[in-house]
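Shown next, in C-alpha cells, is the structure this report addresses.
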C-alpha cells in the first residue's frame, strides 16, 4: 500500500495513528504574490483611522496570533467586548469570530477595519488610503493583473490569503500522530488519554483540535461572567443560541492565554478545571489536570517564520491618520 | 594609494567623493546573540503595563522606524508631547531624544518603559515580567554567561545592541557618494547642490545628514506652534536653550513623515519651505523646493530586513498585563 504513495515518506504512511485529532497539514496552494501583499496589509496600521492599530496589534504573530490580553484594546483604548481569538490555523475553522458571524477569513478581515470599537476606519477610507500609496498600487497591478484597482474585496482577499499561510505544523503531538513514539512523554500521553476518556475530545477534535462546531459555554452548570457577550444568539436571534460559541482551537493553546471568550481564565490549569466542571461535570484531580495541561502543551507547533514586511510609504495625497479627533 | 586598502573595492576608494555628507557604514562589531535578544525585547509589548505597547509601536520598523503620526499614542491613548524620532541610524546621533537628554541608545531605551505617558510600566515591573519567562531566562544565560540574571541594565543593553543594527546603507545618494554617477539623476543632483549652496548642509551633514548638533528651531524668524515642548532648555535649565533641538537625521526622511518635533509639517515640500524661511531666511521657489525634495528622497537606504521574532510565552507566574486598571 505504502509503495503507491510516491513522494510521501513510507514512515508516515506506515505508522500514522488513527485518532480523533489529525496533524496540521503544511500550507499548500497559496497565491504567493497575493499572500505577500496580504502580509503587508496585515501589518499596516493605516487600515485603522488612527494609523496605530493593525491586524497584528490584536493578532500578534510574535505571540501566538493573539494579544494575550483579557479583552482587546480598540480605537482610543476602548475595552473590547471579547478575547481576541488566535489567527493561527484559523483557516481550519468552520466560521470566523467567536459567534461565527463571518463565513470565512475574507469576510472576517473586513470586520475590524470598520468596527468603531476596533480599527474605527471605514471600507471607503481604508480603500482611499491604500489606493493613494504608489507602492500598493504597484502590488495590486502585479497581483490582479489590471490597472491596480484597489477595493475592499481585494484588500480582504489578500489578507485572507496571507492568513491561510499561518498554520503551525509539526507540533510534538503531530509528530506522535505521525508515528514518532518519542515525540511526547509518557506523562503527556497519559494526559491525552484522559483528554479522550473524559470527553474533552468530543468538541476538541479534528485538525485544529476544535474550531469545527458551536457549543454552549456551561452545559453541566451555568458559566458565571460579567461579560455581556451573548454568543451565537447575536447572529441567529434565537434565545436557544445564547452562550453558544465556536469551540476554540487548542492548537498553540500554551501561547494563546488568557482563555475563554471573556479571557477570564488566566492559566491552562484554571481553564482545564473549569471546562471539566462546566462542560463535563467532572472535577479533575490536581494530577489529572496537570497531565491534561502537559498534553495541551504538546499542541504548540512551528510558528510561522517570515521576514518583517517593509510597508510602502504614504505620499502627500494619502489621507492622514486621525488618532485624536473627536 | 588604493592598492594599500586591501579588501576594499578599488572602485570605491578611487572614486569616493569628498562631500560634507558621508555614506552610512554597514553594521559591524555586533554581539549577535545580544542583538537577537534585544530584537525580541524591542517587539515585546509586555515591557508596557498594558501588554499592548512595544518599542516597535512608535518606532515601527515596517514604517521607517517611526509611527508616522504627528505625536505618539501612549498608555491609555494619551496624546504624546512630541513626534517619534526614527530609530533608524539613531546610533549615529550625538545623543538621544529630541532634547538629547539620554547620552546613548542604552540610556534612551529605559525611558519610554517607565514613562507614565508612554509604556507606563516601571523598571521593576519590566524586570519581573522578563525574569518570570523561562524562554528569556534561557536567552539571558546564553548571552551573559551566568545564571541568567535579568535586570534593567541588561534589558536596555540588549535593546541598544539591536538598535545598532538598524542602519540603512546603500541609499542612491550613498552610491553616488561612492562614485556611481548614475545612482542619482541630474535633477536630484541639482537638488543636492541647492541643499549645499543655500546652507541646509551646515546642520544636516555627516553620516546621518543631521543628528550631530543641537540647533534652534526658528533662527531667522520664530517658529509658531501650539506644541508645549521647550527643547534642550528642559535638560539644561537655561532659557537660552529654549527651542534648541537635536537636528534630526535626514536619512530615510521620505519615510519618516510628518516632520519637526511637533509633527506639524505633513509633507517634505512643506518642511523644506519652512526650514528655508525660518532657518535660512530664504524662500525657495517651487522648482528649487521640488529639486531639494527630490534630493532628500535619494537618502532612503536599504531598510533592515529580518525575521519577525517569536516571543517566549509568559507562564502562570508572569505578572499579568493591566491595560484598563485605574
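Keep in mind that glycine also has a Cβ here, set from the backbone N, Cα and C atoms.
TrEMBL does not curate its annotations; it predicts them automatically.
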Further heme c 2 ligand in TrEMBL, beside B:200, B:203, B:204, within candidate set B:119, B:244, B:275, B:307: B:275
Distance from residue B:75 (heme c 1 binding site) back to residue B:204 (heme c 2 binding site), taken between C-alpha atoms, in Å: 33
Spatial neighbours, same chain, of residue B:75 (heme c 1 binding site) - Cβ under 8 Å, 6+ residues apart: B:48, B:49, B:50, B:53, B:116, B:117, B:118, B:119, B:120
Inter-residue Cα distance where the pair is residue B:203 (heme c 2 binding site) and residue B:58 (heme c 1 binding site), in Å: 26
Secondary structure content, the domain 'Cytochrome c' (B:33-141) (per DSSP, counts of residues): 50 helix, 8 strand, 51 coil
Chain-mates of B:200, B:203, B:204, B:275 with C-beta within 8 Å of site centroid, heme c 2: B:195, B:199, B:201, B:202, B:210, B:247, B:250, B:279, B:280
Alpha-carbon distance [residue B:200 (heme c 2 binding site); residue B:55 (heme c 1 binding site)] in Å: 31
Chain-internal residues near residue B:203 (heme c 2 binding site), provided their CB is under 8 angstroms and they sit 6+ positions away: B:210, B:213, B:215, B:247, B:279
CB within-chain contacts under 8 A for residue B:59 (heme c 1 binding site), separation at least 6: B:65, B:66, B:67, B:84, B:86, B:87
